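Record features, source TrEMBL:
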{"type": "TRANSMEM", "residues": "73-98", "note": "transmembrane segment"}
{"type": "TRANSMEM", "residues": "125-142", "note": "transmembrane segment"}
{"type": "TRANSMEM", "residues": "181-203", "note": "transmembrane segment"}
{"type": "TRANSMEM", "residues": "215-237", "note": "transmembrane segment"}
{"type": "TRANSMEM", "residues": "301-318", "note": "transmembrane segment"}
{"type": "TRANSMEM", "residues": "338-362", "note": "transmembrane segment"}
{"type": "TRANSMEM", "residues": "383-405", "note": "transmembrane segment"}
{"type": "TRANSMEM", "residues": "425-455", "note": "transmembrane segment"}
{"type": "TRANSMEM", "residues": "476-504", "note": "transmembrane segment"}
{"type": "DOMAIN", "residues": "532-702", "note": "domain 'STAS'"}
{"type": "REGION", "residues": "583-609", "note": "region 'Disordered'"}
{"type": "COMPBIAS", "residues": "583-606", "note": "compositional bias 'Basic and acidic residues'"}
Amino acid sequence: MAHGNDCRPALEDGADQQQPLILDRVERETGKKWQTVVSKRLKKHCTPQKAKSKILGFVPILKWLPQYQLRDWILGDVMSGVIVGILLVPQSIAYSLLASQDPIYGLYTSFFASIIYALLGTSRHISVGIFGVLCLLVGQVVDRELALAGYLTESSSNSSDVLLAGQGNGSIGVACDRSCYAITVGATVTFTAGVYQVLMGLLQVGFVSVYLSDSLLSGFATGASLTILTSQFKYLLGLKIPRPQGWFTLFKTWYSLLTNLGSTNICDLVTSLVCLAILLPTKELNDRFKSKLKAPIPFELFVVIIATLASHFGHFNTDYGSDVAGDIPTGFLPPQLPLWSLIPSVAVDAFSIAIVGFAITVSLSEMFAKKHGYTVDANQEMYAIGFCNILPSFFRCFTTSAALTKTLVKESTGCQTQISGLVSALILLLVLLVIAPLFYSLQKCVLAVIIVVNLRGALRKFTDIPSMWRANRIDAAIWLVTMATSALVNTELGLLVGVLVSAFCVLGRTQQAHVLELGRAASREHYEGLSHYRGLQTHPGVAVFRYEAPIYYANQSLFKKSLYKCVGLDPVKEKSRRVKFEKSKRREEAANVKSEEKEHARKENDAEATVTLMHDKKSSHSSRNVVIDCSAVLFLDTAGVGALKEVRKDYAELGVKVVLAHCNTSVLDTLERGGYCPDKKGGDVGENKMIFFTIADAVHYLQSLCAANGDHDTKC
């Protein structure tokens, strides 16, 4: 029941009136001390069972490994693990180029990420490791810092050293060549990104991934793919040119390529064309017959082996100047700390890398979890991918996330759990301990071909633009803006612009909302827009309107303007017109006009004013009372409450009553806190009936007012 100054739907008294719907709100518990609340929560959450659940939740493998169905799952996990491990070998070496690192560090990265995610991840199917977009972002930071340190091109690797200090050796400086400094920068970026991700997990902000829509992420990945494609042309042509820094790198890269086209290495160009001619059709065959093949054929590995043998026995490096992978050591290097002094320089870059890595991982995790009927924990995924970056960074690794291509292979080859990730790690361990040095003669142009061929999926998105535009133009616009900014301006800026454009699109939809006049269906008490449906009826003397958006500071003026236009009466303009008329009348009465012409003119004006005043009185009686349907108003802020107060007050001065209907509980609470309903103590109860649960109750109430006032002109 409504009392005091509560904003609750009103009860209409009287036996001859329809009884409105009455609901009593559940009163919230207030006045509790914070100590009592904290004590109750501690007793609820701090129990041995809860502690055990938290520990098992933080290391999910402890929960699912004891329930592992060995006979049913082991074959699928081993097969998928072996196949993904074989695919990871050439791709890990290839994507090291994209991150401006030596090949061995790509193998390290895939090895550690596979193990750590198997321990901490909640998805059974995704493959965590090297991802092209993240490699591009890391490579851009590495190249920038290399340039600042004096390394202009890859050929300057032995021309200068950088003195690193504070990496576990106290104040002793350590000489570091180009390769050493590149992985130091990459590991520092990776460590910082991992810290961001773990902090976001601790703060329970895993929900941030929902703000990165599918169209935004797809556009960002496609734009980054264009940048990746462009960056690999120098390897395909055998050119030694530095990676451009700053904005518009796509144009700068193409300018460098075209100006240095005469320096193309024919051996690298021929090798690239041959490898492309082999890999493009074979990868298409794999995709076309993937439903019939038990496992995809690892053509990339075959090409790497054949190309390495051809380069070794053909002496491509010494005789033709072809750039090769070089020495790939076996085993593991001792761990080292990140370069602390570098963190301020890469902190902003690491944040965007952290957001992209987490968003890609969570979106893939949720997609495959939904497909296979289980759930994933977004915050635990944040922890998992964070530690997949923090811990490997001590072992000279760079940033990782889930990768769609390898995840699809993993799923299609029978993967059941993350045991397959451990099997893939064993394959990589075998390569790291025994096989890695055999790739010494592998040409970098072959690795570039592998990267380019794997961009097919992202580049195919361009063919989907017409269908995206037909399905949803706003999403298509977000995709196009994000893709164009990422590709043509700057990769990191593309992500930020995409987020801002998405936010402005959401805000823009609230700005485009208009007030609709509603009519009642003939057969029942249901109201819809008169402009949308035929056969709807209106009520004499009462008009019903709906605003299909929240009312807040950004659109409250638009709400009032749209409402006044739809009602057909702007109270502000009407009051202003009346004030001007009164002032004009008083001036004429105060003037001492003695001439007959002026007296005659005054009489004519008085006669006109009398007609106008009669019209005003008539219009005020014939004006319709207003019901505002708030069912589509999700929330109000202080400005929204103020706007509703102004509407009610301005119309009341013209004799038009405004009531609300269908307010949700959030809107009711905001109205109550904002003082929308005046104090009922000592006043007429009928005057305070401002909010109703249903439109029908509000209409009946306003019609009863018309009847009580004897307004027969409106036929209430």
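The backbone N, Cα and C atoms fix where each Cβ goes, glycine too.
Nobody curates TrEMBL annotations by hand; they come from automatic prediction.
Taking pairs at least six residues apart, the transmembrane segment (338-362) and the transmembrane segment (301-318) share fewer than three Cβ pairs below 8 Å and do not count as touching. When Cβ distances are compared across the two stretches, the transmembrane segment (301-318) makes no contact with the transmembrane segment (181-203), since fewer than 3 pairs at least 6 residues apart fall below 8 angstroms. With a threshold of 8 Å between CB atoms, the same-chain residues lying at least 6 positions outside the transmembrane segment (215-237) that come near it are 97-98, 132-133, 136-137, 139, 243, 249-250, 253-254, 256-257, 261, 264-265, 268-269, 272, 323, 356, 359-360, 363, 444-445, 447-449, 451-452, 455, 458-459, 461-462, 468, 475-476, 478-488, 491, 494-495, 498-499, 502. When each of 125-142, 383-405, 425-455, 476-504 is checked for Cβ pairs under 8 Å to the transmembrane segment (181-203), 383-405 comes out on top. Long-range neighbours of the transmembrane segment (476-504) within the same chain, counting only residues 6 or more positions beyond its ends whose Cβ lies under 8 Å from a Cβ of the stretch, are 133, 136-137, 140, 211-213, 215-216, 218-220, 222-224, 226-227, 246-251, 349, 352, 355-356, 461, 465, 468-469. Taking the domain 'STAS' (532-702) as a whole, pLDDT averages 76 in the prediction.
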